[in-house]
Amino acid sequence: MMLLLGDLAATKMSRHGFCWRAGGITSSSLAFGANQLENGYFQRKPGVKESYFSWFLNKACIVKDSQKDLSPDGKATNPWSLCSVDQVEELKSLLKVVPIWSTGMIMSVNISQNSFPVLQASSMDRHITSGFSIPAASFSMFAVISIIIWIAHYDRVFLPLASRVMRRPVQISTQTRMGIGIFLSFLAMMVTSFVESIRRDLASKQGYLDYPQATVQMSAMWLVPQYCLIGIAEASNVIAQNEFYFSEFPRSMSSLASTLSGIGMSMANLVASLVLNSVGTMSEAGGHESWISSNINKGHYDYYYLVLAGLKVKMENNCLDGKKTMVEEEPLLEKTNKKGGFRTLPFIIANEAFEKMATYGLMPNMILYLMKQYHMEMTTASNVLFFWSATTNFMPLVGAIISDSYLDRFYTIGIGSVICLMGMILLWLTTIIPQARPPPCDPSIDICSSATIFQFTFLCASLGLISIGAGGIRSSSLAFGANQLENGDFQRKPGVKESYFSWYYASYTFSLLIALTCVVYIQDKMGWGVGFAVPAVLMLFSAVSFYLASPFYIKVKSKTNLVTGLAQVVVASYRNRHLKLSDDAHTVYHYKSGSVLVFPSRKLRFLNKACIVKDPQKDLSPDGRATNPWSLCTVDQVEELKSLLKVVPIWSTGMIMSVNISQKSFPVLQASSVDRRITPNLTIPAASFNTFTVISVITWITLYDRVFLPLASRVMKRPAHISTQTRMGIGIFLSFLAMLVTSFVESIRRGLASKEGYIDYPQATLQMSALWLVPQYCLTGFAEASNSIAQIEFYFTEFPRSMSSIASTLQDIGMSLANFVASLILNSVDRISKEGGHESWISSNINKGHYDYYYLVLAGLSMANLIYFIVCSKAYGPLREERNLAEEEDEL
């Protein structure tokens with residue numbers, strides 16, 4: 001420490017001269033030393049890198065007069081006026097890490113909150129058995145257990161597993177782990193605030209506001225997640241901090257490196273005291289009860305923890321700004337300037353995963369929300385959901401056009417995240433503002449008011465913003481992630497992108513699993529207000545997680561308007577329709593400079609007229625571009641349109657399967673009418689039965705890559721591979737089976753309703769286990785996994801790279817149109833079935849309706865669709881990879 005103080009003093013006293021290195025110069029070696037000077041400074045020892053960070057400190061090692069400043073043995077005569085280069089660089093190393101070190105203080109503030117959690121636990125039911133309860137102060141053991149589990153599994157389980165999945169050695173940098181710890185600490189504060197708000201509300205409802213010592217009827221197990229998050233955050237951040245300091249500091253500062261984290265903890269306790277006193281003083285201004293009152297039932301510790309969470313976000317942003325500056329000078333995160341790679345994928349995948357959790361967490365129960373809160377009929381509510389789903393699935397096309405033509409993918413995803421968050425907040429407001437929805441029904445006269453124009457517009461605006469934002473995220477996330485794997489290292493590794501696509505879809509299904517269990521359960525048990533607030537918070541996490549890695553993304557700038565280019569081909573082909581096509585070698589085609597496509601293909605030849613140069617003097621400018629792009633296009637543009645038109649028949653076969661998947665409303669009503677109890681105290685929410693579909697998707701993805709293909713390869717004694725077309729066909733067939741099973745189970749359920757006298761009571765619970773519904777959900781999951789992944793892989797393989805965003809959204813466009821088709825089928829069946837005064841097959845009273853007949857109609861359409869798919873596959877011919885393989889065999 002004295003050496004560092006000497007640095008500062010010497011810096012102030014020095015003005016000019018040359019730099020001194022300890023033992024580096026004597027009076028008899030000045031001539032030799034002069035040869036070592038560079039720009040007035042001595043060369044540093046090997047391994048000491050020239051630094052421009054805190055340049056003013058270099059003055060501390062400048063020798064002004066060697067006779068006066070240096071003793072005969074080469075030491076400084078006054079170490080407070082002249083220091084060595086090593087001392088200067090040691091101080092620079094310390095100052096350089098201060099911004100990152102400071103970010104650990106707020107996290108340490110969170111860790112140091114030891115008092116309130118004890119009070120919180122003491123006010124809750126801590127019984128494990130009737131005779132044993134956990135001491136309130138012992139709940140911190142969950143944080144310790146989490147630390148032990150993290151340390152034990154990180155090196156021995158997580159890294160080896162990640163290396164196996166990524167097919168390369170995986171090493172997470174210290175800064176990334178520190179950032180993960182900070183983010184988990186932020187989540188811990190949010191969870192603590194959320195749990196405390198629930199505990200405080202229960203204390204108020206149970207009349208314990210004035211009795212802080214009373215035990216609220218709420219299990220203390222609610223506290224376990226916050227402790228576990230704190231433990232994992234501490235393990236991730238503190239270990240990474242120590243490793244970071246030891247790697248960045250010279251060996252002479254190893255003792256300081258080992259204590260720096262402890263110094264931060266010490267400072268954090270002072271900051272924690274300052275924050276605590278500030279919040280206490282400000283919150284009790286005006287005679288209000290302090291947020292951190294001794295009576296925790298009257299205080300607002302939930303607000304206090306929100307403050308800590310806000311400080312965490314602010315500190316993390318400052319940390320990112322500081323790291324950006326440091327990386328520009330001397331990157332610490334990696335020893336390379338390359339961007340992209342696997343380190344960016346968790347942030348991209350997390351962004352869409354959180355968005356999916358939020359969006360799909362709203363959809364399952366939305367039919368009940370519209371029917372109960374907005375008093376809509378079954379058909380009307382279903383149509384609203386069909387149109388919302390259609391818009392959500394169509395907006396990725398708009399997002400893809402904007403991404404490829406105007407904004408780049410990074411800004412499209414970022415702006416989409418913010419817009420989607422706004423929509424979530426508006427939808428949440430419909431639950432807490434009474435004027436935003438119709439008044440409750442009057443049971444005395446059995447009349448329910450429908451929504452006013454303003455209320456319906458407000459609802460549609462919230463749903464519309466969610467769809468627009470989701471379109472921006474979903475249109476570009478998959479392609480943006482693929483961009484991160486397009487440097488030379490990853491392009492040479494086979495199967496990297498195929499693995500990325502599979503695990504991207506697996507993360508998507510995992511998000512659905514969380515949405516359909518946790519989010520739906522919260523809506524069922526805690527009401528619409530809390531239930532719709534959770535998706536809004538998840539969407540906030542989505543936006544934050546994406547922007548965290550902003551400095552490290554590969555950001556490909558938008559170049560041309562792809563849709564405009566495709567339209568130009570159509571117009572140019574029509575304008576040149578009088579030209580005759582020939583195989584004459586003298587025919588000149590317009591092609592992009594540097595493109596491998598010089599001649600158009602022979603399929604869909606009428607489009608080739610769009611790229612024929614009639615008169616080079618008139619049609620081409622001096623730089624080789626078309627003078628009128630609406631009369632002359634490039635070969636690339638023509639082939640892009642051909643690629644799109646060629647897949648349209650196969651793409652259209654996915655629509656009927658998507659119609660089957662989009663049947664979200666009736667299954668919820670069906671599940672709500674049967675016995676959903678697993679135990680006497682546990683009932684599965686009706687909207688959570690989609691969980692079985694998600695589990696089936698995850699099971700299919702896991703077993704297909706890791707079990708089925710290796711087993712098939714061993715049996716066939718050669719590498720086994722099922723083509724994308726075959727997997728799409730399997731998915732369509734399984735979807736047909738799912739519709740037959742659904743119809744069969746519904747016929748049994750309806751027969752029981754009739755026998756038990758519940759025809760006029762659709763809200764009654766039948767004596768039929770809800771597990772009868774599991775097979776239809778599992779078949780739908782297998783069908784979706786087989787078809788959807790194969791579709792995405794098919795489009796990415798068959799389309800050129802310039803159409804990657806269109807490739808990633810083509811399936812969503814099919815689902816969007818499928819929702820319109822589903823609405824058309826629903827309305828047609830409703831209108832036809834109730835002709836002659838009969839009860840509609842899709843009546844709001846499911847016991848009077850005939851949903852079994854409706855699903856037989858869908859099964860018939862699915863069988864016709866399967867036959868249509870087989871015909872389209874035969875007409876399409878061999879896939880690109882099959883054509884490439886055939887060409888290689890011909891060359892051999």
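Placement of Cβ uses the backbone N, Cα and C atoms for every residue, glycine included.
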Range annotated as transmembrane segment - as stated in TrEMBL, picked from 222-242, 348-368, 453-473: 453-473
Distal contacts, the transmembrane segment (682-704) - CB-CB under 8 A, six or more residues away: 364-365, 368, 502, 505-506, 509-510, 512-513, 516-517, 520-521, 523-524, 664, 667-669, 671-672, 676, 770, 773-774, 777-782, 784-786, 789
Cβ contacts under 8 Å made by the transmembrane segment (853-871) with residues that lie 6+ beyond its boundaries: 650, 653, 656-657, 659-660, 663, 666, 728-729, 732-733, 735-736, 739-740, 742-743, 746, 825, 829, 833, 841-842
Beyond the flanks of the transmembrane segment (453-473) by at least 6 residues, Cβ under 8 Å: 351-352, 355, 359, 362, 374, 388, 391-392, 394-399, 402-403, 412-413, 415-424, 426-427, 429-430, 435-438, 542
